[in-house]
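These come from TrEMBL:
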BINDING   CYS198, CYS205, CYS208, CYS214  [4Fe-4S] cluster binding site
DOMAIN    37-196  domain 'HhH-GPD'
Amino acid sequence: MDKKIKFIFAYLKELFPNPETELHYSTPFQLVVAVMLSAQATDIQVNKVTDTLFKKIKTPENLLEIWFATFEKSISSINYYHTKAKHIFQTASLLINNEKLIMNNEGNKKYKNWIPDTLEELMQFPGIGIKTAKVVAHVLYDKLFIAVDTHIHRVSNRLGLVKTTSPEKTSELLEKRIPDNYKHLAHHALVLFGRYYCTARNPKCEICKLKQICLYYKANVIASKAKQSKK
């Protein structure tokens, strides 16, 4: 096994022994709604909305029992709330009405309040792209995907796990490089590490055990100290 990967994930395991998503949910449908809302929004923003919303909405049927305008207003603090509300309602309707989503070897697959477990099927729902699909498949079904957000993208490049310019490419390369037994840890702990330690601004480099292998630390912190010492 790659010694660098082993070193990184040993430290992440130390920081986050049992990492999980920070989105609040109690049913599969609630998770889908929360993840759809989380695009271009923070988990804190989403949880603030769903902590109240999910007291009434646990299933697709619960959602469609309320007016669209009421639901839209309840999530209006979230970015792109109108589009998200529309997509969430459409997804709920598809689940309830057993709409034919895709063709496969068995014929048309239909769903009745069951969240699909493959990326292909999940991405047939309105508003669910590759990242959202990977989060849902990983969290609900323990699929070995690594959904990459801005935190994982930043951390992975700083640590030299990848050298990429997009989260999509980072996800592709991480899934190839990281062993299966580390993928659950990678999916959640890298997010948390980026959120609370390796932040975009003022990362906590001085207390981080990974600084000895960190490209960012070598290129920025050490270089900055060297310049200051010459003054």
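Each residue, glycine too, has its Cβ placed from N, Cα and C.
Of all Cβ atoms in the shown protein chains, 22 besides its own fall within 10 Å of the Cβ of CYS214 ([4Fe-4S] cluster binding site).
Take the CB of CYS205 ([4Fe-4S] cluster binding site) and look out to 10 A: across all protein chains shown you find 17 other CB atoms. Around the Cβ of CYS208 ([4Fe-4S] cluster binding site), the number of neighbouring Cβ atoms within 10 Å comes to 16. Non-local contacts of CYS198 ([4Fe-4S] cluster binding site) by the CB criterion (under 8 A, 6+ apart in sequence, same chain) comprise HIS151, ARG154, VAL155, ARG158, LYS204, CYS208, TYR216.
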